[in-house]
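*Asks:* Just passing along the structure, written as structure tokens.
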Amino acid sequence: MNDRLSLTSLFPRCLTTCLYIWTAYITLTRIHQIPRWFLALTIVPTLAVALYTYYKVIARGPGSPLDFPDLLVHDLKAAENGLELPPEYMSKRCLTLKHDGRFRVCQVCHVWKPDRCHHCSSCDVCILKMDHHCPWFAECTGFRNQKFFIQFLMYTTLYAFLVLIYTCYELGTWFNSGSFNRELIDFHLLGVALLAVAVFISVLAFTCFSIYQVCKNQTTIEVHGMRRYRRDLEILNDSYGTNEHLENIFDLGSSMANWQDIMGTSWLEWILPIETFKYKKSKHTKDEKGLYFNVRPQVQDRLLSSRCLEDQLLRRVTPRPSLEADRASVEIIDAN
């Protein structure tokens with residue numbers, strides 16, 4: 001994000017684009033057992049929408065607190081000591097704090113860090129609802145481009161499947177006809193077929209994992225955080241005989257609710273690489289910007305009541321130094 005035209009960012013993007021175009025060209029020109037019009041009718045639209053979504057992920061970007069001037073920290077030391085506080089819309093809606101109850105601050109970007117925001121060392125900038133940094137995009141997946149990233153994975157899986165079926169059919173026909181006794185195999189076609197196998201298997205697995213994450217309303221970072229805190233909690237329960245468990249506070253209660261929260265509420269939004277309708281409706285507000293997130297009503301009432309009290313106290317009491325350790329995007333619930 002800090003230098004989108006650098007060599008390290010251009011190389012993976014050019015490589016990905018060339019692989020798409022090369023595989024499409026070989027499929028359209030080297031396959032003779034399937035009508036050319038049928039190949040073009042299926043391959044070209046799938047290729048076009050996959051590449052469009054690929055560059056949509058890059059152009060849209062994940063979003064950063066730096067995009068919001070009111071999240072800039074003017075005095076880092078004052079913010080760490082509690083003398084400077086984030087905007088009220090963040091302080092009243094923020095659910096993940098440091099261990100000492102203070103708001104999270106990025107010492108590199110000098111910004112307040114909303115819920116689910118993390119600093120990416122590759123991009124060297126804070127990312128809203130950061131999921132992961134993808135080297136094939138040379139870009140992070142975050143709040144603003146997560147929907148398009150999921151759609152790109154689905155389009156790529158479909159494209160790889162079509163190429164795999166067509167090339168395998170052509171090679172199978174060539175082998176069954178005994179043509180291998182008279183001519184060499186088409187190595188371009190064989191290379192595309194092998195690449196399609198590798199891409200289809202790997203991207204299909206990652207697509208399934210990503211869709212599962214969407215249905216759980218969890219990011220990859222939060223999954224790893226949950227694992228770490230779950231191990232710590234098991235040690236705590238064994239040591240003190242407690243019976244506590246971890247809960248993802250951003251889980252809206254059902255897979256469909258979580259899916260619609262990210263992908264939109266209609267089939268049109270799910271299939272087409274367009275902005276969600278709720279994002280367009282809230283374009284001139286702070287909603288749907290990755291600055292705060294919806295949670296289940298029962299969880300929201302419980303957490304926000306304590307958060308409002310903490311916010312009032314932080315604005316009145318004498319400040320103390322702030323610890324740097326972050327509290328995970330989870331809630332420890334007493335099961336008794």
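Placed from the backbone N, Cα and C atoms, the Cβ positions cover glycine too.
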*Asks:* Would Swiss-Prot have S6 on the same side of the membrane as L71?
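*Replies:* Yes - Swiss-Prot names the same topological domain for S6 as for L71.
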*Asks:* Restricting to the same chain and to residues at least six past its boundaries, which positions have a Cβ under 8 Å from a Cβ of the topological domain 'Vacuolar' (169-188)?
*Replies:* 26, 30-34
*Asks:* If we skip the immediate neighbours and take only residues 6+ beyond the ends of the transmembrane segment (38-58), which ones have a Cβ under 8 Å from one of its Cβ atoms?
*Replies:* 4, 13, 16-17, 20-21, 24, 27-28, 31, 137-139, 141, 145, 148-149, 151-152, 155-156, 158-159, 162-163, 166, 273
*Asks:* Could you give the residue numbers and ranges of same-chain residues that sit at least 6 residues beyond the transmembrane segment (189-209) on either side and whose C-beta is under 8 angstroms from one of its C-beta atoms?
*Replies:* 19, 22-23, 26-27, 30-31, 150, 153-154, 156-157, 160-161, 163-164, 167-168, 170-171
*Asks:* If we skip the immediate neighbours and take only residues 6+ beyond the ends of the transmembrane segment (7-29), which ones have a Cβ under 8 Å from one of its Cβ atoms?
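*Replies:* For the transmembrane segment (7-29), the list is 36, 39-40, 43-44, 47, 50-51, 54, 58, 135-139, 159, 163, 166-167, 188-189, 191-192, 195-196.
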*Asks:* Sequence-remote contacts (6 or more beyond its ends) of the topological domain 'Vacuolar' (30-37), Cβ cut-off under 8 Å?
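*Replies:* For the topological domain 'Vacuolar' (30-37), the sequence-distant neighbours (Cβ-Cβ under 8 Å, at least 6 residues beyond its ends) are 166-167, 169-170, 173, 186, 188-189, 192.
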